[in-house]
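K.L.:
TrEMBL lists 54-73, 116-133, 195-216, 222-240, 247-265, 285-303 with the feature transmembrane segment. What TrEMBL records for 155-297 is domain 'Peptidase S54 rhomboid'.
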Amino acid sequence: MWCCSTRTLSLLRHVRKDFSLIHNTKRSFRVKSLNINGGESGTGNSAGTLIKPFLFTLGFGATTLAAVSIWQYENIRGVFHSKTTIDIFNRKSQKYGELRREINHLWNQLSPGEKVFVPIFCLNLAVTLMWQIRRFEGSIMRRYFLSDPRSSNKCFPLFLSSFSHNSFLHFAVNMFVLHSFCDGIVRALGKEQFVGVYLTAGVVSGFVSLVTKVLLNTSAPSLGASGCICAVLGLFGTLNPNSLMQIVFIPGFTFTASTAIKGLITLDTAGLLMGWKVFDHAAHLGGTLFGIWWATYGGKLIWQKREKFITWWHENVRSK
């Protein structure tokens, strides 16, 4: 178990997945009703369109958790520090050797959580920058990095949209909140389990959002890492219910993580029932509840029972 010092984060103004589409970015990015129909005609909001996304969500979660289990197994075996890899680097020129040593020095100074956070940050930043390139909007970004219930392409955007922000403010707030919690949770779960839960939470929260929009017959698209981050908050509040948290710019006002999670669930439930449009409250709820479920049941039902799979991997794949 781990403990967390008072956190400075803006709980009520943070994360909010998916500025369900942020009205005006610098280029006035609007989704014309959402006319992804620019090259692809929408398929409507019928419940039948949810079958493939449902199967994708199950398959993605199973594949991701299997992959990170193998990753952990291979890390334990130390295959990423093999002599072969070292020999390859030793053949580089002195210039590249010095650069590599400097990078390794900087990398080794990072905490375990920061070593997980940095790649996530870089991926989100890269996608945010891609949104700023106009020619990418219609052909790539709206099709693959925007989860839209009216698009015929519903599966892969469930995953890719969780790395997607078309506003630097949205990106910065989400990354700030993630960084605030990343180190403690990585220390508690291990980097492999954390990555598996984080990625799966993005797809699960996106699917919950998609189901809600189909049932309510709404067509607002969404994007952002907030579903993943809400899962991290759910994990944090469940594992450390008595840890103190604090809202940015309100010094002295603290509350427990358990209270914060209850507040988030209440706020998002109210937003969903009252039809608030600024944030994707369904995705937030999906992420938060997934994080709570994983901390309470998922880890025991899935992660702690992966030995059979790892044994199969060792005997049938790794040993050959």
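Even glycines carry a Cβ here, placed using N, Cα and C.
All TrEMBL annotations are machine predictions without curation.
Remember, predicted model here, so these are calculated numbers, not experimental data.
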K.L.:
Take a look at 54-73, 116-133, 195-216, 222-240, 285-303 and tell me which one has the most Cβ pairs under 8 Å to the transmembrane segment (247-265).
P.N.:
222-240
K.L.:
Calculate the per-residue pLDDT averaged over the domain 'Peptidase S54 rhomboid' (155-297) and state the result as an integer.
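P.N.:
Mean pLDDT, the domain 'Peptidase S54 rhomboid' (155-297): 92.
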K.L.:
I'm a bit unsure how to read this: which one of 116-133, 195-216, 222-240, 285-303 has the highest number of Cβ pairs shorter than 8 Å with the transmembrane segment (54-73)?
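P.N.:
Going through each listed stretch, the top one turns out to be 195-216.
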K.L.:
List the helix, strand and coil residue totals of the domain 'Peptidase S54 rhomboid' (155-297) as derived from DSSP.
P.N.:
105 helix, 7 strand, 31 coil
